[in-house]
Ligand code: SF4
């Protein structure tokens, strides 16, 4: 069994069934999650006998790195990984002042099909397993030589369409005997599936939640985030409010700015009105042109959009595009490789 698929309790159960004491499970997990040693031979505080027993019982399989690109502009690093069945996924390492964040995928492809997203354009294949989600964090650490203290579930796929595996992977990442990450350092980014958001609020995980809104009217959002026809902006924000009330977390609103589509003063005012009852923080992101249909607004237009939000009491930040020279936006690298193969 793949150790990365297992919760702490599951590992302890198996270790006890093997006739070993619980602290042997702790030692094993410490090697894998803290020391990043993935071969049993390297676990030197275990006896030869115990190493052989663990080798018989467990495997530790990370996604296999097949391409790595580092931005010359800002060091953003993109990793293309191959899974055991030959499918590929992307993970990205982003650098901010003094810390690095891993952006990880939850699905192979994505069924949501947002109009501006390369992953959406490439179609949907399947959900990732827990091991494939957790494995990305360990693989990015391994392949970059950096300790990852921040993780965003914002890569390929919609996390709440792979709900159970995402929740289990978070429990592994925050468990003190496993990856031991702070809950405040984990963000789940969703297009907004109301019943999953409210269920997530009851998990007691208290991680950060980001909602990809991208438009301030249902009419506009319907055209770029098709799932909006099923779940309106109001329903999504109502669920976000419930999440906020239960977790006391500020909600991040992701808003991709597209020239002459959702960048008008009226959009900014409408967005401010929608968010007035939410403790929200808006990330304004210039669209990454994956198709000729979308252009980014001028810098002054984006600044003006932000100013209108601020004037209306909504905190907002204009984000710089990361890794512009390495196709760092979600799904671009994988899509290019798929197109090259076909
Ligand atoms: S932006 Fe996210 S939810 Fe939308 S298609 Fe891309 S991966 Fe899926």
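Backbone N, Cα and C atoms are what each Cβ position is placed from, and that goes for glycine too.
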Query raised in the report: Say TrEMBL lists 157, 158, 212, 213, 214, 288 as binding S-adenosyl-L-methionine: which of 122, 189, 232 is in the same site, per that record?
Result: 189
Query - Listed in sequence order, residues with CB under 8 A of residue 212 (S-adenosyl-L-methionine binding site) and six or more positions away - result: 114, 189, 190, 191, 192, 225, 254, 256
Query raised in the report: What does DSSP say about residue 212 (S-adenosyl-L-methionine binding site): helix, strand or coil?
Result: strand
Requested in this report: State the Cα to Cα distance, in Å, between residue 214 (S-adenosyl-L-methionine binding site) and residue 117 ([4Fe-4S] cluster binding site), rounded to an integer.
Outcome: 12
Report task. List the binding-site residues 110, 114, 117, 158, 213, 288 whose Cβ sits under 6 Å from any atom of ligand 1, in sequence order. Result -> 110, 114, 117, 158
Report task. Please report the number of other Cβ atoms within 10 Å of the Cβ of residue 213 (S-adenosyl-L-methionine binding site). Result -> 25
Query - the domain 'Radical SAM core' (96-325) [mean pLDDT, rounded to integer] - result: 95
Report task. Pop the Cα-Cα gap between residue 157 (S-adenosyl-L-methionine binding site) and residue 110 ([4Fe-4S] cluster binding site) into the table, whole Å please. Result -> 4
